[in-house]
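The feature L-glutamate binding site is assigned by Swiss-Prot to Arg42, with sequence analysis given as support. Taken from Swiss-Prot, the feature pyridoxal 5'-phosphate binding site covers Ala76, Arg77, Trp102, Thr153, Asp173, Gln196, Asn238, Thr239. Marked as N6-(pyridoxal phosphate)lysine by Swiss-Prot: Lys197.
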Amino acid sequence: MTQVYNFSAGPAMLPVEVLRRAEQELRNWHGLGTSVMEISHRSKEFMQVAEESEKDLRDLLQIPANYKVLFCHGGARAQFAAVPLNLLGDSNSADYIDGGYWAHSAVKEAQKYCTPHVIDVTTHDNGLTGIQPMKQWKLSDNAAYVHYCPNETIDGVAINEQPDFGNKVVVADYSSAILSRPIDISRYGVIYAGAQKNIGPAGLTLVIVREDLLGKAHTALPSILDYKVLADNDSMFNTPPTFAWYLSGLVFKWLKEQGGLGEMEKRNQAKAELLYGAIDRTGFYRNQVAIANRSWMNVPFQMAEASLDKLFLSEAEAQGLQALKGHRVAGGMRASIYNAMPIEGVKALTDFMADFERRHG
């Protein structure tokens, strides 16, 4: 059987060790004779899953004690609404950094609840898209918070700086970059992330929120999106997505076994450098992102002859290189190389790219 490597942007590849363990435990979890999917979320057995997964996540990200960790429903799109409704308070304005598709999507949702001050930080130089340094961002004085997206999956644009905005409340959509490298949680008021890229399967959403920001929700906010309600109920205000939570917990343990986020950073940098090196080697492939803002997680690329895209994708699929088609908004190709993607998968892709260029270049 051909070795398959899944380059999907999300739901994305999971570590094979995690899948094997889940397979082994699927029908008889911890000797209970049932699956973890079938037990009560309030049982002592699942409470152990919840407690261990939070502890492991806190260890990985070095989350300070004055932050709550919430395991939620709804994906990042639910957080596009939850953030303003939890954080605006008496204000009607928030700063939104527009650096790409998902940042702009957050703006559109926020417009239902406030008047966002939208700050376009993109640059376009010699056909390459980049991001202004944070010190050039023109933040307003009275915004309730500053929202940005550190990694744009569609455009392959990353903001690698850590924010240093004084006392401003910083909110970040880390859906596609969480756990890929160490970050300083204390610089943020809220971090949220859909699980289906670098955490686990779809259905779970992670929120990390500083405690002093709780209790400010709009009165019309649905309870299921209220950070204080979720925190007071240990993320069990209603039945959580237990299987996704369990699998994410296994991923956290896998990350610790691999050496933590420092090791992930080294691996992810090596994978990205290998792939971008293959793209830049000749003019056959192109990436249109400024080098300083190239994503380690999502690598879009095009060919000089777009008519070859369909052939490239079909031949890649035949060789076990799956889900390389670019997003419908951007076209071309895109390789998502999250934590679970081994460097062997990236090497298989770059070898195929070189062979395809030799035959069609």
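Here the Cβ of each residue, glycine as well, is placed from N, Cα and C on the backbone.
Note that this is a predicted model, so its numbers are computed, not measured.
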| query | How long is the line from the C-alpha of Asp173 (pyridoxal 5'-phosphate binding site) to the C-alpha of the residue listed as 'L-glutamate binding site', rounded to the nearest angstrom? | reply | 29
| field | Structural state of Asp173 (pyridoxal 5'-phosphate binding site), classified by DSSP into three states | value | strand
| Taking Arg42, Arg77, Lys197 as the recorded positions to compare, which has the smallest set of other Cβ atoms within 10 Å? | Arg42
| request: Please list residues from the chain of Asn238 (pyridoxal 5'-phosphate binding site) whose Cβ is under 8 angstroms from its Cβ, counting only those at least six apart in sequence. | output: Ile224
| message | Let me make sure I understand the structure: which of the binding-site residues listed (Thr153, Gln196, Thr239) has the fewest other Cβ atoms within 10 A of its Cβ? | response | Thr239
| query | Tell me, how many other CB atoms lie within 10 A of the CB of Trp102 (pyridoxal 5'-phosphate binding site), whichever protein chain they belong to? | reply | 20
| field | CB within-chain contacts under 8 A for Ala76 (pyridoxal 5'-phosphate binding site), separation at least 6 | value | Trp102, Asp173, Ser175, Tyr192, Ala193, Gly194, Thr205
| remark: Of all C-alpha pairs drawn from the pyridoxal 5'-phosphate-binding set Ala76, Arg77, Trp102, Thr153, Asp173, Gln196, Asn238, Thr239, the farthest apart lie at a distance in Å of 31
